[in-house]
Amino acid sequence: MRELGLILVSVLLIFATLEVVASHGDQPLSTITVQKATFALHYQAYIKVSPTHLGLKGQNTDWVTVEFSSPNPSVEDWIGVFSPSNFSASSCPAPADNPWVEPPLLCSAPIKVHPLLALSSTLMKNTNYSTPKYKETGKGSLKLQLINQRSDFSFALFSSGLSNPKVVAVSNKVAFSNPKAPVYPRLAQGKVWNEMTVTWTSGYGIGEAVPFVEWGPKGGQPIRSPAGTLTFDRNSMCGEPARTVGWRDPGFIHTSFLKELWPNTLYTYKLGHILSNGTYVWSQEYKFTASPYPGQNSLQRVVIFGDMGKAEADGSNEYNDFQHGSLNTTKQLIRDLNNIDIAFLIGDICYANGYLSQWDQFTAQVEPIASTVPFMIASGNHERDWPGSGSFYGNKDSGGECGVLAETMFYVPTENRAKFWYSTDYGMFRFCVADTEHDWREGTEQYQFIEHCLASVDRQKQPWLIFLAHRVLGYSSAAFYSDTGSFGEPMGRESLQKIWQKYKVDIAIYGHAHHYERTCPIYQNICTNKEKQHYKGAMNGTIHVVAGGGGAGLAEFTTLSTKWSFFKDYDYGFVKLTAFDHSSLLFEYKKSSDGKVYDSFTISRDYRDILACTVDSCP
């Protein structure tokens, strides 16, 4: 009975949060009350889940059938999914900032919820009718998707909606055959061009098993590389919900460094753990193609987008249920994966916002992409921002994560992961990735990094210089930027435009504003080239692109006229850069709904065009 009470209160917290969530995923837990929670266990009600053993063929994603019945069916009935299945108040610490000073203390929020019929609440307005006859018959069934998350699962049937919820029934437990299995590999470029890193998650600590990667050229002799192991505890979180109801054990995150790769060579790899008894645990086999040598003249294709989030393939609702485009973006990238060499997700990665279970679900969603091509990330406000934590902005957008999850779950070639700026080379491209959640203004450590990244590239060998950041440090017609009169992040371009111009940055790409927009080549608010699609020779300015339509709820454009804006699209999508050689670049914007190109331009130029002086680019 006590366990059911804990489950109930957890769900109430999440639903109350969802009802007031804004498009940027704020979770004002301080306004939530749970005094009306009651029990209504009924001997005629049941909820059953089958099969009870999942992943019998080694898969890390599986579907279950949920059968349920209630003697008093209502349009306000719903199901919650919980993992771990057991809740114990004795294991729940009470952080100093936890407002819930009276028992029961909450151990964990549910990992997903699913309505049985359409509720009157706006929370469920986007949910399909999954059991249309439930109101008449009191019986129904659902098929829900589960992923391997290092623990078992249970399901609970609730009645009376969100304001006066009642526990009606609790299900049996289900689990994957090996909950601790190595799962969801994420590739990333290392600190040198011929190094690839592999990061994955498992339930095996260093005292229980030794992690490694077995890899080699396809068809060649495999070798083994050791992996380092990281984890963190509740005390690493900066605040709630990450420190309270959103906390879930992250397991162990392993990273292995595959070195001295041959350029453009196809490699296979699989994740392994040697248990203390000498037995091996293996993942399935994956493959990747090694990066080209910096400056190498070959076909190179890059995908860039921001603000992706995650969504449920089974139609379940999730904590910040506004990321409906993320599944389409994921599907389109998977369909075109043979034509993608490297991907960048430039901040606001999964919008977990302090609900740690969502990171596992996100890495499972993008596994087909991240396990095949380098999946590089940038830090956004929903990963990093928290008051008093050193972030440039003092809001609570990270839900108390304060960067820990992003810095641990993914590898990036930074000198210090807490300072999330870095450079990476891919053939003819140089990418300078900024961290907008730390100060970038002139005189700061990050400003010095950005200028060094831009200045140190050999443009004869790497002609395509790309600047990436989460917040729009350049130009944007988003309504929330125009309302401030800045048309971009305040102090952004004022601080950086002179070095973009000095070092002749070709394209600057941002997220944060959830839509697509492209400017003219621009410097100091003036278009330096009026051509819109085919640029030849020197552009004399930088093209600024907002590619924040990766999946999270769309953001409105201003109604004011912005003469420097060439193309706007209020839709989900991503951009793709294709370098054919040192003189030819193709830029494309594709919608996530159909994968078709809706905006594009080309750049054709020679090395002498890069050398040529433009305004403020030469002494």
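Numbers here mean position along the shown chain, with the first residue as 1.
Cβ atoms are placed via backbone N, Cα and C, with glycine included.
These numbers come from a predicted model, not from an experiment.
Residues annotated as domain 'Purple acid phosphatase Fn3-like' in TrEMBL: 47-178.
Look at TrEMBL and you will find 185-289 tagged as domain 'Purple acid phosphatase N-terminal'.
The domain 'Calcineurin-like phosphoesterase' annotation in TrEMBL covers 301-516. In the predicted model, residues of the domain 'Calcineurin-like phosphoesterase' (301-516) average a pLDDT of 94.
For 541-600, the entry in TrEMBL reads domain 'Purple acid phosphatase C-terminal'. Remark: secondary structure over the domain 'Purple acid phosphatase C-terminal' (541-600) totals 0 helix, 31 strand, 29 coil, with classes taken from DSSP.
Taken from TrEMBL, the feature signal peptide covers 1-22.
DSSP labels the residues of the domain 'Purple acid phosphatase N-terminal' (185-289) in these numbers: 3 helix, 53 strand, 49 coil.
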